[in-house]
Amino acid sequence: MFTAFLIKYAEIGVKGKNRYIFEDALVQQIKYAVKRCDGEFKVYRTEGRIYVEALSEFDFDEVVDNLKTVFGISGICPVVYVEDEGFEKLGEDVLKYIGEVYPEKDKTFKVCARRARKNYPLTSMEINSEMGGIILDNCPKMRVDVHKPDIMLHIEIREKIYIYSNIIPGPGGMPVGTGGKAMLLLSGGIDSPVAGYMIAKRGVKIDAVYFHAPPYTSERAKQKVVDLARLVSRYTGPIYLHVINFTDIQLYIYEKCPHDELTIIMRRYMMRIAEKIAQDTGCLGLITGESIGQVASQTMQSLAATNEVCTMPVYRPLIGFDKMEIVELSEKINTYETSILPYEDCCTIFVAKHPVTKPNLNIIKKHEENLEEKIAELVETALKNDELIIVR
Amino acid sequence: MEVYLDNSATTRCFDDVAALMTQAMCRDYGNPSSLHLKGVQAETYIRYAKETIAKALKVNEKEIYFTSGGTESDNIALIGSALANHRAGRRLITTEIEHPGIMQAMKHLEEQGFHVTYLPVDQNGVISLEDLRRALTKDTILVSIMHTNNEIGALQPIEEAGALIKKVNPNALFHVDAVQGFGKFRIYPKKMNIDMLSASGHKIHGPKGVGFLYIQENIKIKPIIFGGGQQSGIRSGTENVPGIAGLGKAVEMIYTDLEAEVNKLYGLKQLFTDGVTKLDNVTVNGLTGRDSAPHVVSVSVRGIRSEVLLHALEDRGIYVSAGSACSARKPQPSATLKAIGLEKELLESTLRFSFSVFTTAEEIDYTLQAMYDIIPMLRKYTRH
């Protein structure tokens, strides 16, 4: 019965002169999302509202699921619209709407009318009371509750008349693309896809980099990262995934540096490489899934040591989250099942039994000097062989 | 150079098999249950496959049932016969090194109130007949023993076990999972007292998704899949005609010159084991030579995790397996390797190399050379 969706957006509404930029971006993102659905749709902005109107048959659940992935949407209202053929006819239409959406007809309700077209013969207040009367007369089990109604029945008088009562929560946030671009360090674990999701939610476009270490990590591990990127791209739009072959760098560090500092030094090089790609591709920051104290390389001291190599801001949206909270989010965005597939990532293969948890930056730097002979060349080779996968 | 040494996981389809299957899909695509000519033509493929398999096993064609593969054959044999015979007793016997198709079906039967004895194996992966004798009781209704182990190539004393079972308890049924053994050995159920036997198409250069179950004529079995009553009601569902045709063709081809091919395989295996054991701290698990399967070699490489060596070999175009393919997606150590008492450190450092009629001596040499290069290099970098 529903033929359109009214899209509510919260935060964008309070923007000032820039508001249209956000609204246009949101329309773009919605178009991108409904493109994935069967059927034809018109997405348009009018009078401070965004509508998604179906021009053909469509699958309601599919459209709602896809709209739920569009950042910037705070609510999705399935709408019935009717032609204005007089108030009496509108009464019939509203009763039909109630009959179909609430077949039990036993809810408390409140009518909430709004006139965008001010030449309509009744005022909003008059519509509220008249329509309330019609409903009460025809549905003996329905009662009015103006404070906490079960149903908030919206009637909007525009060129056509829109009826809706249900608001499906959207993901919130801001439309992707309104906040610049950042480079996500994607590992294949649980955390990094969630970190990407969280930053994208603030309107940031995401590129990603994955460090591949064949033969120590397998093709399947790489495929898993591509799969994760694809799941995240449902929310973020297409992701440019850079696959960097890290094996030679890793083995060189292994040869030249103390093994308990391996992970820290490795991560410092990952950050350096990620930042280089980020700079070359117009990213304004790096994103990691780190959370304080989760593992040895994520203590305050370790974070300080890895952070030190970057001049770009490093965004760590999960920094104060517990593992369980991150798991919950990953389940919500549907990446958990893929994240827990048992393919080793390059951070764990040579990990020492007791890696340093409180690295001393001066000592780390001293040990990195052991790498001077070949490391610049190895990094350059890795960057040169960057494999770009466009994930959508 | 591409060297495929994962033939225990699956094999390359014979070209003639693929051609026959195309014909069965595109020309003679009828439903074998249909009354018209198209149906009769399709049925011809099934009849021919049945004859071929029955001939290879020296059994009656009526005793061959087509399934979706080894796992389904195992499930029908175990669950179907346990359900049909539960009044005679609730004891089942199997071994510790069976394929999951047997293990999980047994676990399921345990949940249904059956009691399962798991026979241990020695360091070579072979059961003891004495253990089997002790486990057999008068309320044992079924014994299931794998013919050839998929991970280390161990062979079980099937003929002796068959004779023993029928001597101690003639009513106990004997099932043999011959997925790895069929196509490598001549197996004669009647002579070996085997009541049921499972085999699969894609391990013998046939297609995936098809296999067969031999069920001796007088055995009572309850179906576990219900439908249109095809294949005497034991396995309902329209027959997979192209698959069955391909399976039949593969059986015909593999058994045409079996002894010569198997001799060649044993030669390759010897070449490989001799070469690989030249490396320090590299050991071959289980028996070698004629006391083992001709096509499987399990190799433990101390100090290198199997997955790493696997990918390093892959880099050179050599495809092998860590444990068995069916369990490679799960990170738990193999039950077979544990059962033969392999030390813990080697459980995760074991690779399986498996050969087929397509394998050449040149490929073995190439693989050995790759291992001589790679293993010392990988050993330089280890986890501490």
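Here the Cβ of each residue, glycine as well, is placed from N, Cα and C on the backbone.
The model shown is predicted, which means the values in this text are computed figures rather than measured ones.
TrEMBL annotates A:LEU185, A:LEU186, A:TYR210, A:PHE211, A:ARG267, A:GLN298 as ATP-binding residues; of A:GLY172, A:GLY173, A:GLY289, the candidate listed for that same site is A:GLY289.
All chains included, 27 other C-beta atoms sit within 10 angstroms of the C-beta of A:TYR210 (ATP binding site). Taking a C-beta cut-off of under 8 angstroms and a sequence separation of 6 or more, A:GLY289 (ATP binding site) has the following same-chain neighbours: A:LEU185, A:SER187, A:GLY189, A:ILE190, A:ASP191, A:SER192, A:PRO193, A:VAL194, A:ALA195, A:ARG316, A:LEU318, A:ILE326.
The binding-site residues listed here are A:LEU185, A:LEU186; among them, A:LEU186 has the most other Cβ atoms within 10 Å of its own Cβ.
Overall, the recorded ATP-binding residues A:LEU185, A:LEU186, A:TYR210, A:PHE211, A:ARG267, A:GLY289, A:GLN298 cover a maximum inter-Cα distance of 18 Å. Of all the binding-site residues listed (A:PHE211, A:ARG267, A:GLN298), A:PHE211 sits in the most crowded Cβ setting, with the most other Cβ atoms within 10 Å. DSSP assigns A:GLY289 (ATP binding site) to coil in the three-state reduction, outside any helix or strand.
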